[in-house]
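Everything on this sheet refers to the single structure shown next.
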Amino acid sequence: GLSSQKKFDEIKRANQAAAKKLVEDQFSSSSEEDDEDAEVKQGKILDKTFTIYTSQTDGDASELERTRQYMNEAFQSGAMTCLICIASVKRNQAVWSCCGCFCIFHLVCIQKWARDSLFLVSSPLTDDDFGKKDYPWPCPKCRFEYKRSETPSMYYCYCGKVENPALDPWLVPHSCGQICEREFKPSCGHKCLLLCHPGPCPPCPKMVTTTCHCKKAKPVPRRCSAKEWSCRLPCGRTLLCGQHTCENPCHAGDCQPCPRVSRQRCICGRQTAERLCASPQWQCDQACGKPLPCGNHTCEQVCHAGPCGDCPRSGKRSCPCEKSRFTLPCTEDVPTCGDSCDKVLECGIHKCSQRCHRGPCEICRQEVEKQCRCGKHTKRMPCHKPYLCETKCTKIRDCQKHQCRRKCCSGNCPPCDQVCGRTLGCRNHKCPSGCHRGSCNPCPETVDVKCNCGKTVIKVPCGRERTIKPPKCKQLCSRPPTCHHPTQEKHYCHFGRCPPCRQSCQKTLKCGHLCPVACHDEALVKQTGLHHSAGPWEQPSKPAFIQTALPCPPCEVPIPVECLGQHEISPLPCHSANPYSCKRFCGRLLVCQNHTCMKECHHVTKLNSSADGKKAGPECSQCEEGCTKSRPSGCPHRCVLPCHPGDCPSCLQMLKIKCHCKLSILYIECLKLTCADLKEKELLISCKNQCPKELPCGHRCKEICHSGSCPLNCSQKVKLRCLCKRLKKEIQCSKIQEGQVSLECDALCKEMKRKASEIKEAEAKAAIEEEKRRQQAELEAFENRLKGRRKNKRRKDEVEVEQSAWQKYKNLIMLPMFGVAVVMV
């Protein structure tokens, strides 16, 4: 049981691995897709990638040819080849793209290449020097150098935004599908607008306003990638000579040197010659010859500007060995001092033993014990002679294959001068480089891969010609047709058999029409029943197909045929062109002139030739419904007659309606109400009584029963009083509501108001004085109570408060005053 389960698990894992490999191979390269579908799909992906760019250039895609070439190579089978391993770059593999040549490599291959390159560069170094310098590693194709820190470690898309981009069949391989946004080179401040793409970014499509090189022309809008332009007018800038102007057409950069010739003096001014205007400074070959300040010598400098300076023999001068200094006239030479020279000789070790002398010292002739360059032998010989032994170096050179074999080598052996000669990855050539360590560079040769006719050729890296798919040729196939057509359908050059003919058959059918279907002279027909299996254990064989000519199918040419009820004319196939039912309702107008026949499309017999084709016939249905015609507006009753032609009779029924004020119920004939206009309806529905509604002012509406809201101009008389309520006046209510009328107090009202306020003030003062006296009395009573207290008996003092004069006589004063005021009012 365990062994069988183990075998089952192994078979299951093997099947899963095979299925996974099949899926990966299906998406690994575009060569496994159908050619036509792949071209359509590739076109859609390219259009989507270029959409944002072409929207900025009004559809102009002329600047995208180089980028389009890189993207076509990304889709084409075998065009993307890793030059390190000489294998195809598939969609599901991690890759790295060089920023110099935009060549694509497998991520694993370029990592190994970088490690090997860094090892080869740093291997000759000693332990002390190792790691002190950041040695670069080169691109295998363009030799663009990268730092050690720039060695790729992760798989990124082309624009570098997304790590490990997902495999998407509707995107460019190894693309993230986002906008590139890499800065243009040379930098202009804008960023790339294409979707993430291989290869270099196209020129900047933005529009900028810029002027020409000489700044004379007006600024014009131009593409940012071509913003520098020339107006072709003369430059006109002043040249370096300061005399002439530039006559060249408007150009970029500095102006060229002045091409004119003029007579110019040399620096010392003795000679005059014709020279270019651009180089006015020149020297003649004569010595200056001017007398120096000493008066004994002349200046020996060649043609110079400025003063000649002091005599070089004046002042303190040293002897040849520079040990003694003398002050002598410039006409006398400095004598030797007689001391030893002691200058260091050319050997750098010994000193000159001669006496102070003029001229150079002799060579060192002392005998010393010298060691050879390799350090293995010593010999006594003159110091100025080099010593080289005959021992040959046995160290291995940097190629790690051959010995140095140089006599008396110092240990710093030169690079190996032999040819590598190893077979390259293409298996066709040998490495032409010098003998080296590590992997050889990719084969630089290319091989032509041709199509079937040989007119289309692509160049592929050497070694890929055995596995790459031949290119798609755009030339037409020249093979003769194999069907009954005189010419073959146009298709491109290809290998193998021609595709089936897709032209229309065009054979004449029995009905006289031509066969419109595709050519069926070489149709593939599956053969069945040729092989019978011996038992269930035998695996079924693949079905066999043979090419044979099939008969033409029934004629499908559309013939216009009218339906039975004459509703429509539909095109039917020629082989089945007969009258038919369209399955609609008949729709013919019945005798009632209101309804149509609801039967399914059927044949109708015409009683006479002049009968209308839209009228019902004896085969149509009969109307059995009641009258459904619309009544006059406002009439809720239905017509009492059955469905009939013409107008319905007038409605004589009575309507029960409430009046406008909703208090009375009226009975009105339906005909009168529906035929009346707005004014008549207003009178019919009115009960002729006073409106019971209450106005906003609180009075009842004076109008007769009416519709809508009541009028706001209330005519009721109301009394209007002043603020003190003394004066009054009758005024119409609507004017008071509108705030048009107000009643102001007169002088008498103001006088009475003043007297009343004086009385109130007098009462307030009297009350304050009364309160003070009461408090004083309470205080005196309290003090007396404290003085007259006894120990055995406590007695309560009674204090009688005497009333003031105002409290005693206020009633007598106020009553006459109020009486006078009432009489005056």
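Each Cβ is built from the backbone N, Cα and C atoms, and glycine gets one as well.
TrEMBL annotations: computationally assigned, not manually curated.
As annotated by TrEMBL, coiled coil applies to 745-792. Taken together, the residues of the coiled coil (745-792) have an average pLDDT of 83.
The domain 'NF-X1-type' annotation in TrEMBL covers 188-206 (among others). Residues 48-50, 52-53, 56-57, 63-64, 66-67, 69-71, 73-74, 97, 102, 104, 157-159, 161-162, 171-172, 174-182, 223-227 of the same chain sit 6 or more residues outside the domain 'NF-X1-type' (188-206) yet have a Cβ under 8 Å from a Cβ within it.
Residues of the same chain lying 6 or more positions beyond the ends of the domain 'NF-X1-type' (241-260) and with a Cβ under 8 Å from any Cβ of it are 212-214, 216-217, 228, 230-235, 276-280. Annotated domain 'NF-X1-type' per TrEMBL: 241-260 (among others), in sequence order.
Here TrEMBL flags 294-313 (among others) as domain 'NF-X1-type'. DSSP places the residues of the domain 'NF-X1-type' (294-313) in helix, strand and coil in these numbers: 0 helix, 2 strand, 18 coil.
According to TrEMBL, the domain 'NF-X1-type' annotation covers 347-366 (among others).
The domain 'NF-X1-type' annotation in TrEMBL covers 374-395 (among others). The list of residues near the domain 'NF-X1-type' (374-395) in space but at least 6 beyond its ends in sequence, with Cβ under 8 angstroms from a Cβ of it, reads 346-347, 349-350, 363-368, 403-411, 413.
Marked as domain 'NF-X1-type' by TrEMBL: 399-418 (among others). Within the chain, the domain 'NF-X1-type' (399-418) has long-range Cβ neighbours (under 8 A, six or more residues past its boundaries) at 372-374, 388-393, 434-437.
Within the chain carrying the domain 'NF-X1-type' (426-445), a Cβ under 8 angstroms from the stretch's Cβ atoms is held by residues 83-84, 86, 113, 116-117, 119-120, 123, 140-141, 397-402, 415-420, 461-464, all 6 or more beyond its ends. According to TrEMBL, the feature domain 'NF-X1-type' maps to 426-445 (among others).
What TrEMBL lists as domain 'NF-X1-type' is 483-503 (among others).
Marked as domain 'NF-X1-type' by TrEMBL: 592-625 (among others).
The DSSP breakdown of the domain 'NF-X1-type' (635-653), given as helix, strand and coil counts, is 0 helix, 1 strand, 18 coil. Per TrEMBL, domain 'NF-X1-type' is recorded for 635-653 (among others).
Same-chain residues lying 6+ beyond the ends of the domain 'NF-X1-type' (697-716) with a Cβ under 8 Å from its Cβ atoms: 659-661, 664, 682, 685-691, 732-734, 736-737. For 697-716 (among others), the entry in TrEMBL reads domain 'NF-X1-type'.
Distant neighbours of the domain 'NF-X1-type' (635-653): 591-595, 623, 625-629, 669-671, 674; these residues of the same chain sit at least 6 beyond its ends, with a Cβ under 8 Å from one of its Cβ atoms.
Packing against the domain 'NF-X1-type' (483-503) from elsewhere in the chain are residues 451-453, 455-456, 470, 472-477, 518-519, 521-523: each is 6 or more residues past its ends and has a CB under 8 Å from a CB in it.
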